[in-house]
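> For reference, the structure I am asking about is given below.
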Amino acid sequence: MLAIGITGSYASGKTFILDYLAEKGYKTFCADRCIKELYQDLSVQTQILKLLPELESFNIGKISNLIYNNDLAREKLQNFIYPLLIDKLILFKKENANSKFGFAEIPLLYEAKFDKYFDFVVTIYCSEEIRMQRAITRTSFDIEIYNKIKEIQLSQESKIAKADFAINSGVDMLDLEKQIEKLILVIARKL
């Protein structure tokens, strides 16, 4: 299986494109959904509370607030959760070894050095204005966290420069589908 990593800035359209690929029958993996599942595990919750005692109780909102305002807390959580995420990603790749392609959405792919797990990387991008419009429609939107995420992540330009392919999600659906079709043609040549 050719492993394709999908990355991009916050609200750039990564999940939309991943879901589109899943609808087309491709195997997909979403890091954010995987982490949400891990957070449901009581043993994971217990470990996080031990690592971050300032939380007092397990609450996703409090975790977000803490890790985006405290570099040490973010590093502790990442050092704990990333190995679990890598295990799930490796399992996804093993379970889908007979598929031609597997797409995995990893928001912090470069920042977390996950690019080494992929044969090909795609960056999804759009204008800052469009990203902000998308972000404010989310129920969990918080402008302070949005700005902290922007500080932590590599710039869109850096992600595009590092990627093997880039998709502009700030276009109409027809143009977006054409870009995805081109991506499939490009990666099919790698087989």
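Cβ coordinates come from backbone N, Cα and C, glycine included.
Note that the structure is a prediction, hence the values are computed from the model and not measured.
Summarising the annotation, Swiss-Prot assigns ATP binding site to Ala11, Ser12, Gly13, Lys14, Thr15, Phe16 and lists sequence analysis as the type of evidence. Positions annotated as domain 'DPCK' by Swiss-Prot: 3-191.
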> Counting Cβ neighbours within 10 Å across all chains shown, tell me which of the binding-site residues Ser12, Thr15 comes out on top.
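Output for this query is Ser12.
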> CB neighbours of Phe16 (ATP binding site) within 10 A?
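For Phe16 (ATP binding site), the count of other Cβ atoms within 10 Å is 14.
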> Just counting, how many other CB atoms are there within 10 A of the CB of Gly13 (ATP binding site)?
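Its Cβ shell of radius 10 Å holds 23 other Cβ atoms.
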> Would you identify which of the binding-site residues Ala11, Lys14 has the most other C-beta atoms lying within 10 angstroms of its C-beta?
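Checking each of Ala11, Lys14, the winner is Lys14.
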> Find the average pLDDT over the domain 'DPCK' (3-191) in the predicted model and report it.
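Over the domain 'DPCK' (3-191), the predicted model scores a mean pLDDT of 96.
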> Would you list the other residues of this chain near ATP - those whose C-beta lies within 8 angstroms of the C-beta centroid of Ala11, Ser12, Gly13, Lys14, Thr15, Phe16 - in sequence order?
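Going along the sequence, the neighbours come out as Gly8, Ile17, Ile124, Arg134, Ser169.
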